[in-house]
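Here's what TrEMBL has on this protein:
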ACT_SITE  Thr165  active site, nucleophile
BINDING   Arg193, Val194, Gly195, Asp196, Thr216, Gly217, Asp218, Gly219  substrate binding site
COMPBIAS  142-153  compositional bias 'Basic and acidic residues'
REGION    137-159  region 'Disordered'
Amino acid sequence: TAWRVLESGGSELDAVERGCAQCEIDQCDGSVGYGGSPDESGETTLDAMIMDGNTMEVGAVADLRRVKNAIGVARKVIEYTKHTLLVGESASLFAVRMGFPYEDLTTQKSLSLYSEWLNQSCQPNYWKNVVPDSSKSCGPYKRREEVTHKEEGTSSQRSVRNHDTIGMVVIGVSGTVASGTSTNGAVHKLPGRVGDSPIAGAGSYADSTAGGAAATGDGDIMMRFLPSYQAVEYMRMGMDPTVACQKVVSRIQKYAPNFYGAIICANTTGSYGAACNKIPGFTQFHFMVSSPLLARPTEQVVDCI
């Protein structure tokens, strides 16, 4: 969809917006758009961002409720406000003022995911250091006086495939770069949780003097390292996109060896690459590429490091 927009004369930002919006409509992977990843209260909320690598403008929304086209609302943040990020109920009110309809983001699928989770004593979840024991029961939880810092042993099992993102980097014919993301976040997240996807430099980053990058995976960990910004800076220094992606993954590995995540990188000449962290159940990362050198959109695969 994004490639067709470019071929028909649309801008790089148009391509990112329409491409990510297609995934919102298709509910890609169950982890983008409506009807997926219910939070602890059973509600689906959306995060998205879009970035113009010429002007460095960013539009983003987080914890967006009852509006399906998150990437579209993010674009309107650039076009009609001087802000960068709008969140929660206020983001939804802004969306309605911009002409987006209120729609229910809950589906039978997300309701059944939620009820199954409740029936499994709310396992897995994202609480720690609380009573009652969050690994065995549902809340309501209270904080435990004694805080422990042991790493959760189930983090990688919980994270693999329970959330994903559509991340996109578009390089125009003149080298102009745009990027964007859209996701419904981590399944069973705490209400109000915001991951890496709508954060500039974390979920994605675009700079028309260097390139663009987009990340996917365990946003709670990845966002702490601004992986997309870091990858673009590596490419600015002349690093090959694949190596730039690998260096970013290696940096996060030092602190969180079991994190679930991957990143795609592309520079202004159209060279591209990707990298992912190798953990049980996740040894390869698949991504799609469209370019004038390819007859049609092509799936690419990299082995995780």
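Including glycine, each Cβ sits where the backbone N, Cα and C put it.
Please treat TrEMBL annotations as automatic predictions, because they have not gone through curation.
Fewest Cβ neighbours within 10 Å among the binding-site residues Asp196, Asp218: this applies to Asp218. Gly219 (substrate binding site) sits 10 Å from Thr165 (active site, nucleophile), taking the CA atoms of both as reference points. Among Arg193, Val194, Gly195, Asp196, Thr216, Gly217, Asp218, Gly219, the residues given in the record as binding substrate, the maximal Cα to Cα distance rounds to 16 Å.
Looking only at the binding-site residues Val194, Gly195, Asp196, Gly217, Asp218, the one with its C-alpha closest to the residue listed as 'active site, nucleophile' is Gly217.
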